[in-house]
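Student: These came from TrEMBL, pasted as-is:
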BINDING   CYS70, CYS73, CYS110, CYS113  Zn(2+) binding site
BINDING   GLU85, HIS102  Fe cation binding site
Amino acid sequence: MLGSSENFRSAQQIHRELRQHRSLPIGLTTVYRILRSLVDDEIAETQRAEEGEVLYRLRTTSEHRHYLVCRRCGRAVGFTAPAFEEHTSQLGRRSEYTDVTHYFDLYGVCPRCRDTPSDTESAIALN
């Protein structure tokens, strides 16, 4: 199911797709457990939505990456940020912190979604 899309998706979206399109009688808790195992085994990766929800997709590279994620469809463009990584490491060393981690997330609306009105925009146009 993760392999069928380059988009990050929520556990709820994956659960719904499994039940509707694959007719699998699987519980949401089981989906979360499987996703967690895939992440732990570095088969899948996570990204946080702006609201904080964890999103998942198959890992496409072993290097540490950041993403520009579409707010509407979850499509993501990966990039590396060497200067940001170096600054994070330097700050940790200067502050004598160890095991420093970070989240660096960017969000926007992809060209595909930009050219398609959102549900809110469609509702406003109808009124």
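Glycine is no exception: its Cβ is also placed from the backbone N, Cα and C atoms.
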Student: Provide, as an integer number of angstrom, the distance between the C-alpha atoms of CYS73 (Zn(2+) binding site) and HIS102 (Fe cation binding site).
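Tutor: Spelling it out, the Cα of CYS73 (Zn(2+) binding site) and the Cα of HIS102 (Fe cation binding site) are 24 Å apart.
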Student: Quick check: which same-chain residues outside CYS70, CYS73, CYS110, CYS113 lie with their CB within 8 A of the centre of the Zn(2+) site CB atoms?
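Tutor: Apart from CYS70, CYS73, CYS110, CYS113, the close residues are ARG71, ARG72, GLY74, ARG75, VAL109, PRO111, ARG112, ARG114.
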Student: Do any residues at least six apart in sequence from CYS113 (Zn(2+) binding site), in the same chain, have a Cβ closer than 8 Å to its Cβ, and if so which, in order?
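Tutor: Within the chain, CYS113 (Zn(2+) binding site) has Cβ neighbours under 8 Å at CYS70, ARG71, ARG72, CYS73, ARG75.
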Student: Which whole-number value in Å describes the distance between the Cα atoms of HIS102 (Fe cation binding site) and CYS110 (Zn(2+) binding site)?
Tutor: 24
Student: What's the CA to CA span in angstrom from CYS110 (Zn(2+) binding site) over to GLU85 (Fe cation binding site)?
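Tutor: One finds 25 Å between the Cα atoms of these residues.
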Student: Under DSSP, is GLU85 (Fe cation binding site) part of a helix or a strand, or is it coil?
Tutor: helix
Student: If you count CB neighbours within 10 Å, which one among the binding-site residues CYS70, CYS73, CYS110 has the smallest count?
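Tutor: Comparing Cβ neighbours within 10 Å for the binding-site residues CYS70, CYS73, CYS110, CYS73 has the fewest.
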Student: What does DSSP assign CYS70 (Zn(2+) binding site), in three states?
Tutor: strand
